[in-house]
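Positions annotated as domain 'Galactokinase N-terminal' by TrEMBL: 6-54. Taken from TrEMBL, the feature site 'Transition state stabilizer' applies to Arg25. Marked as substrate binding site by TrEMBL: Glu31, His32, Thr33, Asp34, Tyr220. Marked as ATP binding site by TrEMBL: Ser65, Gly118, Ala119, Gly120, Leu121, Ser122, Ser123, Ser124. If you look up TrEMBL, you'll see 89-174 marked as domain 'GHMP kinase N-terminal'. Feature annotation from TrEMBL assigns Mg(2+) binding site to Ser124, Glu156. Annotated active site, proton acceptor per TrEMBL: Asp168, in sequence order. Among the features that TrEMBL reports, domain 'GHMP kinase C-terminal' is placed at 277-356.
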Amino acid sequence: MADVAEEFGRLYGYAPEGVWEAPGRVNLIGEHTDYNDGFVMPFALPHTAVAAFGRRTDTAVRAHSADLPGEPVVVAEPAPGTSAGWADYVASVVWALREAGHEVGGVDVHLASTVPTGAGLSSSAALEVVVALALNDLFGLGLERQELATLCQRAENVYVGAPTGIMDQTASACCTAGHALFLDTRDLTRRQVPFDLAAVGLRLLVVDTQVKHAHSEGEYGKRRAGCEAGAAELGVTALRDVPFTELPAALDRLSSAEIRGLVRHIVTENHRVERVISLLDAGDVRGIGPVLVEGHASLRDDFRVSCPELDLVVDSAVAAGALGARMTGGGFGGSAIVLVEEAAAGQVEKAVLEAFASRGLREPRVFTAVPGAGARRLR
Ligand code: ADP
Ligand code: MG
């Protein structure tokens, strides 16, 4: 944090007005449900984007990242269609706030992030949310965190051009330490669900496969379109509206095996989120293990967004004694989560790494995820 403030001074020639921080996230359960008006359950990572800000006298944005080479990027007039590379994640938030009618002037920004990029851990939302929270404070906008998250989603959808749901930004803005965040993406009601693994002798590993299959974005669009087609065939607004108990009848009415798979995943996945909440409320944290494994099978076989590397993490971890595991995030690479007994964590991690090594695959990056705090001002 001190580094970020000092580097800001060196870059821009004046001291920043403040320093803010926003985390990346992992999703415990509820995958691909956030664009189907469904349920998600992410928690914040201890990995964060930390950014120092200073207000300018004009309306321009200057942004610099300690994690990338190069001079500060200047965006004179933030607007969709004026791509400035990574700095779009900063400029787009300024644009979205202004577009919503808020009086936001220009800013200088210097940031550094420990959220791995492109690993399905939402480094992009961390960037957007740290900017939104800082602007909210600096310009006295008085917006609620959910409003900030929604504006960040709009920034990413319209300006960056990534058609993501509302989960990532809400997680970064609204999570609290020691909890997973239950979010109903239809009405945006939230609930903090206690999720303190260390207290019950458990650990959650994040395994970043460090692979990203090239077709992931096109496939994401196809899944979204397929879900919309399924909802249309069933005559509902969104697949969220198909009750779990009516799934067999709904499947009978669908036109193709592909759409049946998509619908079955979304409906059973929403149900899995509800099951996980019930288990956590009942204090049965170990009980969620099999639900995670079931969720992975559904993403692999029905929604078809897994890949050999993610399947290998799950299979090798479970074979080595993990309580449960599943891919997390959009799929086609990125990360998986593994729930293990504290005492078995070393042996499970070793088994996963050996499985990758024996197949000549790049070694995954493994870390323990402790549910951390949402975005906040540091100074
Ligand atoms: P994810 O959100 O899963 O990490 P995305 O593709 O949505 O992956 O976002 C990653 C992009 O966000 C990067 O390509 C980069 O443009 C931007 N980004 C994330 N972290 C940083 C950073 N520390 N510095 C500069 N740009 C970053
Ligand atoms: Mg992202």
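The backbone N, Cα and C atoms fix where each Cβ goes, glycine too.
For the binding-site residues Gly118, Gly120, counting C-beta atoms within 10 A of each C-beta gives the highest total at Gly120. Ligand 2 lies under 6 Å from the Cβ of none of the binding-site residues Glu31, Thr33, Ser65, Gly120, Leu121, Tyr220. Taking Cβ-Cβ distances under 8 Å and a sequence separation of 6 or more, the neighbours of Glu31 (substrate binding site) in its chain are Val40, Glu269, Gly295, Leu299, Phe303, Val305, Arg326, Met327, Thr328, Gly329, Gly331. Those residues of the chain, other than Glu31, His32, Thr33, Asp34, Tyr220, with a C-beta within 8 angstroms of the mean position of the substrate site C-beta atoms are Gly30, Tyr35, Asn36, Gly38, Val40, Gly165, Met167, Arg223, Glu269, Gly330. Under DSSP, the residues of the domain 'GHMP kinase C-terminal' (277-356) split into helix, strand and coil as follows: 47 helix, 14 strand, 19 coil. For the domain 'Galactokinase N-terminal' (6-54), the model's pLDDT averages out at 98. The DSSP breakdown of the domain 'GHMP kinase N-terminal' (89-174), given as helix, strand and coil counts, is 51 helix, 7 strand, 28 coil. When the alpha carbons of Ala119 (ATP binding site) and Arg25 (site 'Transition state stabilizer') are compared, the span between them is 11 angstrom. Within 10 Å of Glu156 (Mg(2+) binding site), as judged by C-alpha distances, no binding-site residues are found among His32, Thr33, Gly120, Ser122, Ser123.
Close to ligand 1, meaning a Cβ under 6 Å from one of its atoms, is not one of the recorded positions Arg25, Glu31, His32, Glu156, Asp168, Tyr220. Looking at Asp168 (active site, proton acceptor) and Ser124 (ATP binding site), their Cα atoms lie 9 Å from each other. The highest number of surrounding Cβ atoms within 10 Å, among the recorded positions Glu156, Asp168, is found at Asp168.
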